[in-house]
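Notes to accompany the following structure.
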């Protein structure tokens, strides 16, 4: 479990470019662009799905919940990062 959390923290920090402890839509978009083409609509859909409290940012807790529900996707992202 501790290894899983450490890996998620590592990935989260890659997305959290300014280190403020949350991922904005622009940080999400910039990081996803390194993985390939992504549209603004796709970024907004992802934000809406992951940002469960609707504050406009993805917290580590929200990221962790999303990662656990989508472990295959996160494993693929981990391989890239």
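Placement of Cβ uses the backbone N, Cα and C atoms for every residue, glycine included.
What Swiss-Prot records for 3-38 is domain 'EF-hand 1'. For the domain 'EF-hand 1' (3-38), the DSSP counts in helix, strand and coil order read 24 helix, 2 strand, 10 coil.
The Ca(2+) 1 binding site annotation in Swiss-Prot covers 16, 18, 20, 22, 27 and rests on sequence analysis. Within 10 Å of the C-beta of residue 27 (Ca(2+) 1 binding site) we count 18 further C-beta atoms, all protein chains included.
Per DSSP, the domain 'EF-hand 2' (41-73) is made up of 23 helix, 2 strand, 8 coil. The annotation domain 'EF-hand 2' is assigned in Swiss-Prot to 41-73.
Among the features that Swiss-Prot reports, Ca(2+) 2 binding site is placed at 51, 53, 55, 62.
With a threshold of 8 Å between CB atoms, the same-chain residues lying at least 6 positions outside the domain 'EF-hand 1' (3-38) that come near it are 44, 46-47, 56-60, 63-64, 67, 74, 77-78, 80-81. It is 18 Å from the Cα atom of residue 27 (Ca(2+) 1 binding site) to that of residue 53 (Ca(2+) 2 binding site).
Here the Cα atom of residue 53 (Ca(2+) 2 binding site) is found 13 Å from that of residue 22 (Ca(2+) 1 binding site). There are 10 other CB atoms within 10 A of the CB of residue 53 (Ca(2+) 2 binding site), with all protein chains counted. Taking a C-beta cut-off of under 8 Å and a sequence gap of six or more, residue 51 (Ca(2+) 2 binding site) has these contacts in its own chain: 57, 58, 62.
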